[in-house]
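J.: Structure below; questions to follow.
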(Lines of atoms letter the chains of each structure in order from A and count residues from 1; the text may use other names and numbers.)
(Lines give C-alpha, C1' and ligand atoms only; values in the text may rest on other atoms or scores of the structure.)
Protein backbone atom coordinates (compact mmCIF):
# COMPACT_ATOMS: atom_id res chain seq x y z
CA UNK A 1 0.00 0.00 0.00
CA UNK A 2 2.86 2.36 0.82
CA UNK A 3 4.55 1.66 -2.51
CA UNK A 4 1.29 2.17 -4.40
CA UNK A 5 0.69 5.51 -2.66
CA UNK A 6 4.27 6.63 -3.34
CA UNK A 7 3.96 5.67 -7.00
CA UNK A 8 0.65 7.55 -7.22
CA UNK A 9 2.24 10.69 -5.74
CA UNK A 10 5.29 10.52 -8.02
CA UNK A 11 3.05 10.01 -11.06
CA UNK A 12 1.04 13.13 -10.23
CA UNK A 13 4.19 15.18 -9.56
CA UNK A 14 5.75 14.09 -12.84
CA UNK A 15 2.50 14.87 -14.68
CA UNK A 16 2.45 18.36 -13.12
CA UNK A 17 6.08 18.96 -14.04
CA UNK A 18 5.42 17.74 -17.58
CA UNK A 19 2.39 20.02 -17.94
CA UNK A 20 4.36 23.03 -16.73
CA UNK A 21 7.35 21.99 -18.85
CA UNK A 22 5.26 21.77 -22.03
CA UNK A 23 3.84 25.25 -21.38
CA UNK A 24 7.27 26.76 -20.75
CA UNK A 25 8.75 24.92 -23.73
CA UNK A 26 6.09 26.29 -26.09
CA UNK A 27 6.65 29.82 -24.74
CA UNK A 28 10.42 29.62 -25.16
CA UNK A 29 9.97 28.48 -28.76
CA UNK A 30 8.29 31.80 -29.58
CA UNK A 31 10.19 34.06 -27.16
CA UNK A 32 13.91 33.32 -27.08
CA UNK A 33 14.85 36.32 -24.97
CA UNK A 34 13.34 35.04 -21.72
CA UNK A 35 16.35 33.22 -20.27
CA UNK A 36 14.67 32.60 -16.92
CA UNK A 37 11.93 30.56 -18.56
CA UNK A 38 14.49 28.45 -20.40
CA UNK A 39 16.31 27.72 -17.12
CA UNK A 40 12.98 26.78 -15.53
CA UNK A 41 12.34 24.34 -18.36
CA UNK A 42 15.77 22.78 -17.81
CA UNK A 43 15.11 22.37 -14.09
CA UNK A 44 11.70 20.91 -14.88
CA UNK A 45 13.32 18.17 -16.97
CA UNK A 46 15.68 17.36 -14.09
CA UNK A 47 12.73 17.25 -11.70
CA UNK A 48 10.91 14.92 -14.10
CA UNK A 49 14.02 12.72 -14.26
CA UNK A 50 14.09 12.42 -10.45
CA UNK A 51 10.38 11.52 -10.39
CA UNK A 52 10.84 8.88 -13.09
CA UNK A 53 13.80 7.45 -11.16
CA UNK A 54 11.61 7.26 -8.07
CA UNK A 55 8.84 5.57 -10.06
CA UNK A 56 11.20 2.94 -11.48
CA UNK A 57 12.73 2.20 -8.06
CA UNK A 58 9.28 2.00 -6.44
CA UNK A 59 7.93 -0.42 -9.05
CA UNK A 60 11.11 -2.47 -8.78
CA UNK A 61 10.71 -2.68 -4.99
CA UNK A 62 7.11 -3.93 -4.89
CA UNK A 63 7.11 -6.01 -8.09
CA UNK A 64 10.35 -7.81 -7.32
CA UNK A 65 11.73 -7.46 -10.84
CA UNK A 66 13.29 -4.73 -12.96
CA UNK A 67 10.37 -2.64 -14.34
CA UNK A 68 10.62 -3.43 -18.04
CA UNK A 69 7.87 -5.99 -18.57
CA UNK A 70 5.18 -3.95 -20.40
CA UNK A 71 4.64 -0.85 -22.53
CA UNK A 72 4.08 1.49 -19.58
CA UNK A 73 7.33 0.51 -17.87
CA UNK A 74 9.32 0.57 -21.10
CA UNK A 75 8.05 4.09 -21.89
CA UNK A 76 8.98 5.16 -18.36
CA UNK A 77 12.49 3.87 -18.97
CA UNK A 78 12.52 5.55 -22.39
CA UNK A 79 11.65 8.91 -20.77
CA UNK A 80 14.35 8.29 -18.17
CA UNK A 81 16.87 7.58 -20.95
CA UNK A 82 15.90 10.78 -22.80
CA UNK A 83 16.48 12.74 -19.58
CA UNK A 84 19.90 11.12 -19.09
CA UNK A 85 20.96 12.11 -22.61
CA UNK A 86 19.56 15.60 -22.03
CA UNK A 87 21.59 16.22 -18.88
CA UNK A 88 24.97 15.43 -20.39
CA UNK A 89 25.21 18.61 -22.51
CA UNK A 90 23.31 20.56 -19.82
CA UNK A 91 25.81 19.94 -17.03
CA UNK A 92 28.72 20.54 -19.43
CA UNK A 93 27.34 24.09 -19.75
CA UNK A 94 27.44 23.94 -23.52
CA UNK A 95 24.82 25.91 -25.43
CA UNK A 96 23.60 23.19 -27.73
CA UNK A 97 20.39 22.65 -29.66
CA UNK A 98 20.55 19.00 -28.69
CA UNK A 99 18.91 20.05 -25.40
CA UNK A 100 15.86 21.29 -27.30
CA UNK A 101 15.40 17.85 -28.85
CA UNK A 102 16.08 15.83 -25.70
CA UNK A 103 13.98 18.02 -23.39
CA UNK A 104 10.99 17.94 -25.73
CA UNK A 105 11.41 14.16 -26.14
CA UNK A 106 11.44 13.69 -22.36
CA UNK A 107 8.45 15.96 -21.81
CA UNK A 108 6.21 14.51 -24.50
CA UNK A 109 7.12 10.87 -23.80
CA UNK A 110 6.43 11.28 -20.10
CA UNK A 111 3.21 13.10 -20.97
CA UNK A 112 2.16 10.07 -23.00
CA UNK A 113 3.06 7.75 -20.12
CA UNK A 114 1.17 9.66 -17.41
CA UNK A 115 -1.92 10.71 -19.35
CA UNK A 116 -2.07 8.85 -22.65
CA UNK A 117 -2.16 5.24 -21.44
CA UNK A 118 -5.09 3.46 -19.83
CA UNK A 119 -4.82 2.75 -16.11
CA UNK A 120 -4.99 -0.99 -16.85
CA UNK A 121 -1.73 -0.72 -18.80
CA UNK A 122 -0.03 0.97 -15.84
CA UNK A 123 -0.53 -1.98 -13.51
CA UNK A 124 2.50 -4.03 -12.57
CA UNK A 125 2.33 -7.56 -13.97
CA UNK A 126 3.73 -10.90 -12.88
CA UNK A 127 6.51 -11.96 -15.21
CA UNK A 128 5.75 -14.80 -17.58
CA UNK A 129 8.21 -17.72 -17.30
CA UNK A 130 10.15 -16.65 -20.40
CA UNK A 131 10.95 -13.29 -18.78
CA UNK A 132 12.04 -14.66 -15.40
CA UNK A 133 15.74 -14.33 -16.12
CA UNK A 134 18.68 -12.15 -15.11
CA UNK A 135 19.03 -11.28 -18.79
CA UNK A 136 15.86 -9.16 -18.62
CA UNK A 137 17.65 -6.13 -17.18
CA UNK A 138 20.65 -6.43 -19.49
CA UNK A 139 18.80 -7.06 -22.74
CA UNK A 140 15.78 -4.76 -22.48
CA UNK A 141 17.61 -1.85 -20.81
CA UNK A 142 20.26 -1.86 -23.54
CA UNK A 143 17.59 -1.99 -26.24
CA UNK A 144 15.59 0.91 -24.78
CA UNK A 145 18.74 2.98 -24.15
CA UNK A 146 19.70 2.31 -27.76
CA UNK A 147 16.27 3.35 -29.00
CA UNK A 148 16.41 6.55 -26.93
CA UNK A 149 19.84 7.57 -28.24
CA UNK A 150 18.99 6.66 -31.83
CA UNK A 151 15.70 8.58 -31.66
CA UNK A 152 17.43 11.70 -30.28
CA UNK A 153 20.19 11.53 -32.88
CA UNK A 154 17.66 10.96 -35.66
CA UNK A 155 15.57 13.94 -34.52
CA UNK A 156 18.69 16.11 -34.75
CA UNK A 157 19.16 14.85 -38.30
CA UNK A 158 15.52 15.70 -39.05
CA UNK A 159 16.16 19.23 -37.74
CA UNK A 160 19.20 19.42 -40.03
CA UNK A 161 17.06 18.39 -43.01
CA UNK A 162 14.39 20.97 -42.18
CA UNK A 163 16.96 23.79 -41.98
CA UNK A 164 18.72 22.66 -45.16
CA UNK A 165 15.56 22.30 -47.24
CA UNK A 166 14.15 25.59 -45.95
CA UNK A 167 17.37 27.26 -47.08
CA UNK A 168 17.12 25.57 -50.49
CA UNK A 169 13.50 26.67 -50.91
CA UNK A 170 14.38 30.23 -49.90
CA UNK A 171 17.24 30.37 -52.43
CA UNK A 172 14.96 29.00 -55.14
CA UNK A 173 12.25 31.58 -54.42
CA UNK A 174 14.82 34.40 -54.42
CA UNK A 175 16.19 33.30 -57.80
CA UNK A 176 12.68 33.13 -59.17
CA UNK A 177 11.90 36.63 -57.90
CA UNK A 178 15.20 37.94 -59.25
CA UNK A 179 14.39 36.71 -62.76
CA UNK A 180 11.13 38.66 -62.67
CA UNK A 181 12.95 41.94 -62.04
CA UNK A 182 14.41 43.81 -64.95
CA UNK A 183 18.15 44.39 -65.04
CA UNK A 184 17.75 48.13 -65.41
CA UNK A 185 15.59 48.42 -62.29
CA UNK A 186 18.09 46.47 -60.25
CA UNK A 187 20.94 48.61 -61.58
CA UNK A 188 19.16 51.87 -60.66
CA UNK A 189 18.40 50.54 -57.19
CA UNK A 190 22.03 49.56 -56.64
CA UNK A 191 23.27 53.00 -57.73
CA UNK A 192 20.86 54.94 -55.58
CA UNK A 193 21.17 52.82 -52.44
CA UNK A 194 24.70 51.42 -52.17
CA UNK A 195 24.75 51.58 -48.39
CA UNK A 196 21.53 49.56 -48.10
CA UNK A 197 22.96 46.93 -50.42
CA UNK A 198 26.10 46.62 -48.30
CA UNK A 199 24.07 46.34 -45.10
CA UNK A 200 21.81 43.73 -46.66
CA UNK A 201 24.78 41.74 -47.92
CA UNK A 202 26.42 41.87 -44.49
CA UNK A 203 23.20 40.72 -42.81
CA UNK A 204 22.77 37.82 -45.24
CA UNK A 205 26.40 36.76 -44.78
CA UNK A 206 26.10 36.70 -40.98
CA UNK A 207 22.80 34.82 -41.23
CA UNK A 208 24.32 32.23 -43.56
CA UNK A 209 27.30 31.85 -41.22
CA UNK A 210 24.99 31.27 -38.25
CA UNK A 211 22.97 28.73 -40.23
CA UNK A 212 26.13 26.91 -41.31
CA UNK A 213 27.33 26.77 -37.71
CA UNK A 214 23.96 25.41 -36.59
CA UNK A 215 23.95 22.73 -39.30
CA UNK A 216 27.49 21.72 -38.36
CA UNK A 217 26.54 21.47 -34.68
CA UNK A 218 23.43 19.41 -35.41
CA UNK A 219 25.43 17.11 -37.68
CA UNK A 220 28.16 16.60 -35.08
CA UNK A 221 25.78 15.87 -32.19
CA UNK A 222 23.62 13.62 -34.35
CA UNK A 223 26.61 11.51 -35.32
CA UNK A 224 27.82 11.22 -31.71
CA UNK A 225 24.46 10.27 -30.22
CA UNK A 226 23.61 7.80 -32.99
CA UNK A 227 27.04 6.16 -32.57
CA UNK A 228 26.32 5.76 -28.85
CA UNK A 229 22.86 4.39 -29.55
CA UNK A 230 24.25 1.93 -32.10
CA UNK A 231 26.60 0.53 -29.45
CA UNK A 232 23.72 0.09 -26.99
CA UNK A 233 21.57 -1.52 -29.67
CA UNK A 234 24.35 -3.94 -30.63
CA UNK A 235 24.85 -4.97 -26.99
CA UNK A 236 21.10 -5.38 -26.59
CA UNK A 237 20.77 -7.61 -29.66
CA UNK A 238 23.77 -9.77 -28.68
CA UNK A 239 22.56 -10.19 -25.09
CA UNK A 240 19.10 -11.00 -26.42
CA UNK A 241 20.58 -13.71 -28.64
CA UNK A 242 22.32 -15.31 -25.66
CA UNK A 243 19.10 -15.11 -23.63
CA UNK A 244 17.09 -16.61 -26.52
CA UNK A 245 19.47 -19.55 -26.68
CA UNK A 246 18.94 -20.22 -22.98
CA UNK A 247 15.15 -19.81 -23.13
CA UNK A 248 14.25 -21.25 -26.54
CA UNK A 249 17.34 -23.20 -27.59
CA UNK A 250 18.18 -20.96 -30.54
CA UNK A 251 20.16 -17.72 -30.84
CA UNK A 252 17.92 -16.30 -33.57
CA UNK A 253 14.38 -17.17 -34.65
CA UNK A 254 13.45 -14.40 -37.10
CA UNK A 255 10.21 -13.53 -35.36
CA UNK A 256 8.79 -10.01 -36.11
CA UNK A 257 10.53 -8.24 -33.21
CA UNK A 258 13.92 -9.78 -33.96
CA UNK A 259 13.56 -9.10 -37.68
CA UNK A 260 12.73 -5.42 -37.21
CA UNK A 261 15.47 -5.02 -34.60
CA UNK A 262 17.90 -6.36 -37.20
CA UNK A 263 16.47 -3.97 -39.83
CA UNK A 264 16.96 -1.09 -37.37
CA UNK A 265 20.55 -2.17 -36.69
CA UNK A 266 21.24 -2.47 -40.44
CA UNK A 267 19.82 0.99 -41.19
CA UNK A 268 22.01 2.71 -38.63
CA UNK A 269 25.02 0.63 -39.70
CA UNK A 270 24.44 2.14 -43.15
CA UNK A 271 24.27 5.58 -41.51
CA UNK A 272 27.63 5.08 -39.80
CA UNK A 273 29.10 3.82 -43.07
CA UNK A 274 27.98 7.00 -44.84
CA UNK A 275 29.74 9.01 -42.13
CA UNK A 276 33.06 7.38 -43.03
CA UNK A 277 32.62 8.07 -46.76
CA UNK A 278 33.88 11.58 -47.64
CA UNK A 279 31.78 11.60 -50.82
CA UNK A 280 28.56 11.56 -48.78
CA UNK A 281 27.27 14.92 -47.57
CA UNK A 282 25.67 15.42 -44.18
CA UNK A 283 22.25 15.72 -45.83
CA UNK A 284 22.53 12.19 -47.25
CA UNK A 285 23.41 10.81 -43.82
CA UNK A 286 20.53 12.74 -42.29
CA UNK A 287 18.09 11.15 -44.76
CA UNK A 288 19.30 7.69 -43.72
CA UNK A 289 18.85 8.67 -40.05
CA UNK A 290 15.32 9.88 -40.81
CA UNK A 291 14.46 6.50 -42.34
CA UNK A 292 15.95 4.86 -39.25
CA UNK A 293 13.73 7.06 -37.06
CA UNK A 294 10.62 5.67 -38.78
CA UNK A 295 11.89 2.08 -38.54
CA UNK A 296 12.50 2.42 -34.78
CA UNK A 297 8.87 3.34 -34.14
CA UNK A 298 7.72 0.45 -36.33
CA UNK A 299 9.91 -1.86 -34.26
CA UNK A 300 8.88 -0.30 -30.94
CA UNK A 301 5.11 0.05 -31.43
CA UNK A 302 4.05 -1.41 -34.77
CA UNK A 303 5.36 -4.94 -34.25
CA UNK A 304 3.71 -5.15 -30.81
CA UNK A 305 0.34 -4.26 -32.33
CA UNK A 306 0.51 -7.52 -34.29
CA UNK A 307 0.65 -9.56 -31.08
CA UNK A 308 2.48 -12.44 -32.76
CA UNK A 309 5.91 -14.02 -32.43
CA UNK A 310 8.10 -15.18 -29.57
CA UNK A 311 8.27 -11.65 -28.15
CA UNK A 312 4.49 -11.35 -27.79
CA UNK A 313 3.51 -11.56 -24.12
CA UNK A 314 0.17 -9.77 -24.44
CA UNK A 315 -1.05 -6.50 -25.88
CA UNK A 316 1.50 -3.69 -26.08
CA UNK A 317 4.33 -5.53 -24.33
CA UNK A 318 7.85 -4.56 -25.29
CA UNK A 319 9.75 -7.79 -24.74
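Using N, Cα and C of the backbone, Cβ positions are placed for all residues, glycine too.
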J.: When Swiss-Prot marks a stretch as transmembrane segment, which of 202-222, 286-306 is it?
T.: 286-306
J.: When Swiss-Prot marks a stretch as transmembrane segment, which of 122-142, 143-163 is it?
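T.: The listed stretch tagged transmembrane segment in Swiss-Prot is 143-163.
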